[in-house]
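Engineer: Here it is, the structure in full.
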Amino acid sequence: MHFLVALVLLGQIIGSTLSSQVRGDLECDDREAKEWADQAVRYINEHKLHEYKQALNVIKNIVVVPWNGDLVAVFLKLNLLETECHVLDPTPVEKCTIRPQQNHAVEMDCDAKIMFDVETFKQDVFVKCHSTPDSVEDVRRNCPKCPILLSPRDPHVVDSVEYVLNKHNEQLSGHVYEVLEISRGQHKYEPEAFYVEFAIVEVNCTAQEAHDDHHHCHPNTAGEDHIAFCKATVFRSHASLEKPKHENFESDCVILDVKEGHAHSHLIEHHIGKYSTSPGQNSTVECVAECPVAFVNKEVPTDISDRHTTPVKGCPGKILHFQL
């Protein structure tokens, strides 16, 4: 099974704290290289529309070249690892747990270009990333009974999420939630079960209206949104063809403190009322008109290329976590 996601991000960051004295002879483990990499990773996490925050794993290459006038171009090749924090989770990525290998880890390789003005400290950031999970063969070789990653669109995954959400809504008098995104699904063994992770938001519908396909529910007005991230296990066989009805399940939902104006507040409107499974697998995601305000609707420039990122001394840098 092979999953591919491409993120194409373009935006502006103003007020950089980086020194105006930009070194051009950086090695991948230099402190300044780490600062540039952190800028790119921070931008990815602030504008990523789906799934999980990413953490830096390896700086594979860095090249700093003079551009026009006061501009300096920084080209980076980065390897990132998926964390367990959803993009809506306000937890700083530095405090997020890296998804362990036995839980079917996912890596992301990114080409980044940062245009830095040494006079104004203004930055333009361009990033293109491809995400790939560890192979099923490697997971099973190292841990034969570990859960295997499934597509968020897998019928068992979708049915499990809907089943757990319906059970929660039945128990919450006066509150109705809808799925914002199905972020992860896994097939577990001994006992056989389906493990799912998904984000939900409180809507302004009654329980009856929520089950009416002709009624469109909307998130509560600003300041009243209850957003939660849920992890659940539904115990059922992969051979089951019917939707779950009376299966045993375990679940835990944590309310996320997403403030109005938070960098990801746009995600609610991006997801609600649309197909709620993550498009991150077997798909390409590009910035379009509905992207966050910081995005510009144009393609990433062609000068993020190998000719700017030929191997340099001291690269790649050290592996901060593990290599897939």
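FYI, residue positions are counted from 1 along the chain as it appears here.
Heads up, the Cβ atoms here are built off N, Cα and C, so glycines get one too.
From Swiss-Prot, for reference:
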- 1-19: signal peptide (SIGNAL)
- 22-130: domain 'Cystatin fetuin-A-type 1' (DOMAIN)
- Cys28-Cys315: disulfide bond (DISULFID)
- Cys85-Cys96: disulfide bond (DISULFID)
- Cys110-Cys129: disulfide bond (DISULFID)
- 141-254: domain 'Cystatin fetuin-A-type 2' (DOMAIN)
- Cys143-Cys146: disulfide bond (DISULFID)
- Cys205-Cys217: disulfide bond (DISULFID)
- Cys230-Cys253: disulfide bond (DISULFID)
- Cys287-Cys291: disulfide bond (DISULFID)
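Help me picture these features in the structure, burial and contacts included.
Structural biologist: In the predicted model, residues of the domain 'Cystatin fetuin-A-type 1' (22-130) average a pLDDT of 92.
Note on Cys315 (disulfide bond): other Cβ atoms within 10 Å of its Cβ, all shown chains, come to 20.
Over all protein chains present, the Cβ of Cys96 (disulfide bond) has 19 other Cβ atoms lying within 10 Å.
Just so you know, the Cβ of Cys146 (disulfide bond) picks up 16 other Cβ atoms within 10 Å once every protein chain is counted.
Every protein chain shown contributes to the tally, and the Cβ of Cys205 (disulfide bond) ends up with 17 other Cβ atoms within 10 Å.
For the recorded site, Cys230 (disulfide bond), the DSSP three-state label reads strand.
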Engineer: Find, for the listed disulfide-bonded residues Cys143, Cys217, the residue with the lowest Cβ contact count at a 10 Å cut-off, counting only other Cβ atoms.
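Structural biologist: Lowest Cβ count within 10 Å among the disulfide-bonded residues (Cys143, Cys217) is Cys143.
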Engineer: Identify, in sequence order, the residues in the chain of Cys28 (disulfide bond) that are 6 or more apart from it along the sequence and have a CB within less than 8 Å of its CB; answer 'none' if there are none.
Structural biologist: Val58, Ile59, Lys60, Asn61, Ile62, Val312, Gly314, Cys315, Pro316, Gly317
